[in-house]
Structures are given as structure tokens and as C-alpha cells.
Amino acid sequence: FSSLTTVIRAKVVGKKLMKDGPFGTMRYTVKQMKMYRGFQIMPHVQYIYTEASESLCGVKLEVNKYQYLITGRVYEGKVYTGLCNWYEKWDRLTLSQRKGLNHRYHLGCGCKIRPCYYLPCFATSKNECIWTDMLSNFGHSGYQAKHYACIQRVEGYCSWYRGWAPPDKTIINATDP
């Protein structure tokens, strides 16, 4: 995630169609349960903005029903999300994904994930993990995304790590960047 990314667990408690732009913007009011990333730029998120139309990559979230994991980008003091950002109902996340948010994903901040759309795929640098979920069009809901984290090892190489396994001595003892 880039430095302008925010990652939160939140419940949507309201929505309002804003009349800005040619097609409008949907403003979701959220009750933030936990923030995983973005403290420095926005310690508390009250609103999430997205395109009003799903055809323009707008995200449709349900009000007063679910808790969500929502990632977004901060622009001019507002958090924006869309279909290219990761969002999911909290209860649909795997144990590995929840552990990743709390304990593992930050160990991969020096790593890059390179999507593989067709074989063969090769890493072009030591800090890349090849993401093969894209071969089957599963993306964020694929097996690799659900059960693994891309982690930087002591030697500086990045590789996939099974998220629920106990910590490995070859992993860099990093702090949250």
C-alpha cells in the first residue's frame, strides 16, 4: 500500500448522493472500528467517497448491515475508494487475511506484488512476489490472496508466506512503516 492509502474496518451507517461531477459521487458515512493503515494522514475516517455509478468503478456498500474492510486513497483530505481498491465484508475475510492485517502485511511494505496474467511469469527483481490468482480471474478472492502474504526475508528477497503459520526466523523483524 502506498503512503496515501488508508485501510479501515468500518460499518456503513449512512449514504448520500452528492451532486458533484457529471455523474455524482456517493458519500458513505462510516463508523470506524479499527484503522490498520493511514494514521499519519487521517487518524479517523468519517466518510468514504466513491463514484455513484458502478459502471464508473463505484463501490456499492450496504447501510447498517455489515462491517467491511475498506481500502482507499486520501486526496485533499477525503478518502476515495473504487472497484480497483480492496474492500470486502469483514466476515468473509479468511483467518489468514485477518492475521495479515494485524501482524503480517506490514512486513511486506518493501515488496512489490506483480500480477501474472499469463504464463510464464518471472520476478524482475528480488523484492517482487508473483501473484498468480489473476490467471484464474479470482483476484482478491483467489487462494493466494486469501491465504498468503508477500513478506520480505532477511536476505532482502520477497516471497509468499502462509499467513497462519508461526513466525519464521528468516523473516525480517520489521516494524510497521
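The backbone N, Cα and C atoms fix where each Cβ goes, and this holds for glycine too.
Positions annotated as domain 'NTR' by TrEMBL: 1-109. Summarising the annotation, TrEMBL assigns disulfide bond to Cys111-Cys158, Cys116-Cys121, Cys129-Cys150.
Comparing C-alpha positions, Cys116 (disulfide bond) sits nearest to Cys129 among the disulfide-bonded residues Cys129, Cys150, Cys158. In this structure, the CA atom of Cys111 (disulfide bond) is 17 Å away from the CA atom of Cys121 (disulfide bond). With respect to their backbone Cα atoms, Cys129 (disulfide bond) and Cys158 (disulfide bond) stand 6 Å from each other. For the pair Cys121 (disulfide bond) and Cys150 (disulfide bond), the C-alpha distance works out to 16 angstrom. Ranked by how many other Cβ atoms sit within 10 Å of their Cβ, the disulfide-bonded residues Cys116, Cys158 place Cys116 at the bottom.
Counting every protein chain shown, the number of other Cβ atoms lying within 10 Å of the Cβ of Cys129 (disulfide bond) is 22. A straight line from the CA of Cys150 (disulfide bond) to the CA of Cys158 (disulfide bond) spans 6 Å.
Neighbour counts of Cβ atoms within 10 Å were compared for the disulfide-bonded residues Cys111, Cys121, and the top value is held by Cys111.
The Cβ of Cys150 (disulfide bond) has 25 neighbouring Cβ atoms from other residues within 10 Å, across all protein chains displayed.
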